[in-house]
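Peer 1: Pulled from TrEMBL, these are the listed features:
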- 51-69: transmembrane segment (TRANSMEM)
- 81-99: transmembrane segment (TRANSMEM)
- 135-156: transmembrane segment (TRANSMEM)
- 189-210: transmembrane segment (TRANSMEM)
- 248-267: transmembrane segment (TRANSMEM)
- 279-304: transmembrane segment (TRANSMEM)
- 316-335: transmembrane segment (TRANSMEM)
- 355-379: transmembrane segment (TRANSMEM)
- 415-436: transmembrane segment (TRANSMEM)
Amino acid sequence: MNQRRFGLLCAVMLGFGQLCMFTGFDAESFILESVIHSIHEREPERISSYAGYYGQAVIYAFYMISCLFSPSIAAVSTPKINLILAATFFSAFPLGFLFTNSYYYYASSALVVFYQGQGGYLTSHSTRNTIESNVSISWSVGSCCMILGSAIMATITHLSSATTEHIMGSLNVTSEAHKMERQFGELEINLLFSAFTGISVLGIITFFVMPSKDVENCIESSSEKKETFLEALKLTCSTLVSPTMLQLFPLFVLSGFNTSFWLSVFPTAMSFTMQNSKLIYLAAVYSLGVGSGEVIIGLAISFLSKRIKDFGQKPTMTIGAIFITMYCAMIHMSTPYDAPIRPTSKEPLFFGHSYLLALIIGLFCGIGDCCVNSVRSVICALLMPKRRPQAFSVSKIYHAFGSTILFFMSPITPLYVYTIGLPILAIIATILFFSISKRTQIMERKMTEASKNAAEIGKKLNF
């Protein structure tokens, strides 16, 4: 097998492992607050009604802290080992919903923070010519988790629909809005989270059998350890406050805000909207749209990156900002302003939700998210050649910072704050990214020219 095909195989296997690991986590995020709200309605002492939001805030808060140490861990470990550990912790999270209680829920939320190794594995199995393509392919395959999660949710919702309707009809509450919100029964919850646990275990197996050998002329070897644990930690801290990374702060925070909004806040808003009580497949259809958008644009970026130099940078960022603005506008017009906070019977500004609208919004969310995250991975791989692990780590710290703030504020934040704020942040991030991207391209040209000059001098000396 030639090196290009080997690198492609590694990118696909990494994507498949992420698909398995994130099928449960992402699908859970779509319904987490609604599921916990349903459990709280039946047994208030079992778990807090807003534990879905707060639990995800805990996940990202601990993740932010762990990313500070991830380059240090990488200095004494390998990307493959880190990925296996990550998949193990991700499998423990859905398992807890088979016996829901607050202690295990928050403890397993804290363990989910350990997601390390993806950036290191990609750079050790990619060259400069293949990094943009491999990032997009890996992301596209991994994003099929949305489609698989959609199929799992739709199937189990169908099988348990009779039980769900019985619960909605017999729930002993006085508020009309609560009577009409989407409810999840015990059978549906057990089936969903059993399936999510099983697919997560498959991710552990995939990472275990993944090739460890690096490709020739890779961007960064996985076996070459340049720093000790403490040296890597010092480099991470200095990178965290470097002017270059601070200029990319809006991009990294945008990726955190954006992902958390479409992954959890908006699906919760759909579930809490009274008019959607009969649309029991809404989350599944929305997940299908997100997954399809991620895969379509990921494959398009991979294809065009081979034909248009640096397509994975400025053009991809522009596409991402446009689609984020478009989906925010659609959500703004179709969703009540208080829907992320509580079950509501208020009317939307222009039109309500439908399966078709959920599919289109999901498609646009997937396209915007894939573009932003692809750009983030590419710029981190190229921007600081001598500090790549630190650059990836800092991008995740700022990403997690944005997500943590969003989830802690979600129980009191109206929808329109998100739908207006995200497009503004996307525009700011795009403008600043263009400046950094141009600087990176100039740096690469100088390095290429220096390499050619050194090669020519070497030939003359040998002659």
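Including glycine, each Cβ sits where the backbone N, Cα and C put it.
Note: TrEMBL annotation is automatic and uncurated.
What's the neighbourhood like for these features in this structure?
Peer 2: Away from its own ends, the transmembrane segment (355-379) comes close to residues 119, 122, 131-132, 135-136, 139-140, 143, 146, 248, 251-252, 254-255, 258-259, 262, 266, 270, 279, 281-282, 285-298, 301, 312-313, 316-317, 319-324, 326-327, 330-331, 334, 392, 395, 399, 433, 436-437, 440 of its chain (Cβ-Cβ under 8 Å, at least six residues beyond either end).
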Peer 1: May I ask whether the transmembrane segment (189-210) has at least three C-beta pairs under 8 Å with the transmembrane segment (279-304), counting pairs 6 or more apart in sequence?
Peer 2: no
Peer 1: Excluding the flanking five residues on each side, which residues at least 6 beyond the ends of the transmembrane segment (415-436) place their CB within less than 8 Å of a CB in that stretch?
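Peer 2: 244, 247-248, 250-251, 253-254, 257-258, 261, 265, 269, 313-314, 317-318, 320-321, 324-325, 328-329, 331-332, 335-340, 375, 379, 383.
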Peer 1: So if I exclude everything within five residues of the ends of the transmembrane segment (189-210), which remaining residues of that chain have a CB under 8 angstroms from its CBs? That is, six or more out.
Peer 2: 10, 13-14, 16-21, 23-25, 27-28, 31, 35, 38-39, 80, 83-84, 87-88, 90-91, 94-95, 97-98, 100, 121, 148, 152-153, 156, 159-160
